[in-house]
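Enquirer: Summarising the annotation, Swiss-Prot assigns substrate binding site to T49, C50, N51, R52, S109, E114, Q115, Q116, Q120. As annotated by Swiss-Prot, active site, nucleophile applies to C50, with the evidence given as sequence analysis. Summarising the annotation, Swiss-Prot assigns site 'Important for activity' to H99. Taken from Swiss-Prot, the feature NADP(+) binding site applies to G191, A192, G193, S194, M195, G196, supported by sequence analysis. Swiss-Prot lists 432-453 with the feature region 'Disordered'. The compositional bias 'Basic and acidic residues' annotation in Swiss-Prot covers 443-453.
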Amino acid sequence: MSVLLVGVSHRTAPVPVLERVAVTDTDRPKLIDKLLASSHISEAMIVSTCNRVEVYAVVDAFHGALTEVGEILADHSGLDLTALHAHAYVRYSEAAVEHLFAVASGLDSMVIGEQQILGQIRSAYASSDAQQAAGRVVHELAQQALRVGKRVHSETGIDSAGASVVSVALDRAAGIIGEGGLVGRTAVVVGAGSMGGLSVAHLTRAGIARIVVVNRTQERAEHLAETARSNGVDADGVAFDQLSAAMAQADVMVTCTGAVGAVVTLADVHRALAEPDRDNTKHLVICDLGLPRDIDPAVAGLPGVTVLDMETLQRDPAAGAAASDADAARTIVAGELATYLAGQRLAEVTPTVTALRQRAADVVEAELMRLDSRLPGLDDPQRDEVARTVRRVVDKLLHAPTVRVKQLASAPGGDSYAAALRELFELSPGSPAAVATPTDLVDGDRTGRDLQA
């Protein structure tokens, strides 16, 4: 079994395509069920963020599984396979593992070094586990990716600037607002999830004077507002029907709800701008960080309003981590990848070694029974001594080659040694004793492949 990755991200697709492929928390369980119902897929995990969707599947056949994943994503997005192919990337085996480690480290993010991806991978893993879609391979892969990401962030300065999509968007907003930036201004945050919490934290550090949190569940909005108040910021949490009134006072608004369809309509913004207490000299900057987008695209055409969405941020990416920090992170990823793959190769050969020792033990027992029939006069002490001697001989004969084959198996191409043992000693590759769910993460090349390969 090998790992197959099919993904679409900010590096390969424009925002309109990402919107169609986007996987919400509601979508994810349904898609995982479809993946597990496929004939070539035994485990699955879906990583979905504001600028990427990646399906990780444990498969028994590359081409068959690639077709199945492609069809499921095409059906979900409404894109035909040709259109999906134009924006998708495929990684297989070692390359899929390497990619996830790089993603967890923040090396593939739009803002290099951002830490939010770790929480998003953790959420994807938890969702997979909750649906019993995570077997041994996904468990080990996800856990190791999280460990690698944490190590990169703790041992390098890749996130020393504390940059994230939220911070980059708010920095741009401050520049548009002009003198003083966000200091003393009023902000609206739409959505009380993790991105909403991150927005409140950044706004607080930027010196914002007032925050209004808008959420469909007012209790959650109030809880997030209390966090802001505890840090000395005037804040309220309101229900969604208060959105226009809240916008009327705002200099900046941040949205990232994960909802399907426009959460903030053109009519909502018109009402806000028409509120009698709206200061018409204010410029409203809206940071739409949702995928799909939360803001009706027509809002961008209104005078006195600037919309910064993921497409805008992609066109003018922020400076990422220092080159030296990114290089240090890549070095860690490369070392961790080598260690992980060596462990997986060793895990593959171990069941074969166990089967070989069991085969030898069975032969010894059969010969001892044959000895009993040929020399019935042996007393128990004599028979025990013969048995110990035969077993010692067998153990000594097997010790060096089995230790050596484990050493050799941990190197690239090591799976061939397990195959050689099975062939030489007639150990059936389908036997549970010979092969106990091997990971086989090094079966295949490291290059990306087309979706229609």
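In case you wondered, yes, glycine gets a Cβ from its N, Cα and C as well.
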Enquirer: Please report how many Å separate the Cα atom of N51 (substrate binding site) from that of M195 (NADP(+) binding site), as a whole number.
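Expert: Here the two Cα atoms lie 13 Å apart.
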Enquirer: How many Å lie between the Cα of Q115 (substrate binding site) and the Cα of M195 (NADP(+) binding site)?
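Expert: Pair distance, Cα basis, whole Å: 12 Å.
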Enquirer: Around G191 (NADP(+) binding site), how many other CB atoms lie within 10 A of its CB?
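Expert: Around G191 (NADP(+) binding site), other Cβ atoms within 10 Å: 26.
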Enquirer: Test of understanding: give the count of other CB atoms lying within 10 angstroms of the CB of C50 (active site, nucleophile).
Expert: 24
Enquirer: For G193 (NADP(+) binding site), just count the other CB atoms lying within 10 A of its CB, please.
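Expert: Result for G193 (NADP(+) binding site): 15 neighbouring Cβ atoms inside 10 Å.
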Enquirer: Around S109 (substrate binding site), how many other CB atoms lie within 10 A of its CB?
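Expert: Looking across every protein chain shown, the total is 25.
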Enquirer: Which of these recorded positions is closest to G196 (NADP(+) binding site) if you go by CA atoms: C50, H99, S109?
Expert: C50
Enquirer: Taking the centroid of the Cβ atoms of G191, A192, G193, S194, M195, G196 as the NADP(+) site, which other residues of that chain lie with their Cβ within 8 Å of it, listed in sequence order?
Expert: V189, G197, L198, S199, L224, C256, T257
Enquirer: Just how spread out is the substrate site if you go by the largest Cα to Cα distance in Å among T49, C50, N51, R52, S109, E114, Q115, Q116, Q120?
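Expert: Result: 15 Å between the two most distant Cα atoms.
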Enquirer: Counting only residues 6+ away in sequence within the same chain, which have a CB under 8 Å from the CB of S194 (NADP(+) binding site)?
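Expert: Result: Q116, G119.
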Enquirer: Round to the nearest Å and give the CA-to-CA distance linking G191 (NADP(+) binding site) with C50 (active site, nucleophile).
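Expert: It is 14 Å, counting Cα to Cα.
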Enquirer: Taking the Cβ of each of the binding-site residues and counting other Cβ atoms inside 10 Å, which one has the highest number: T49, Q115, Q120?
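Expert: Its Cβ has the most other Cβ atoms within 10 Å: T49.
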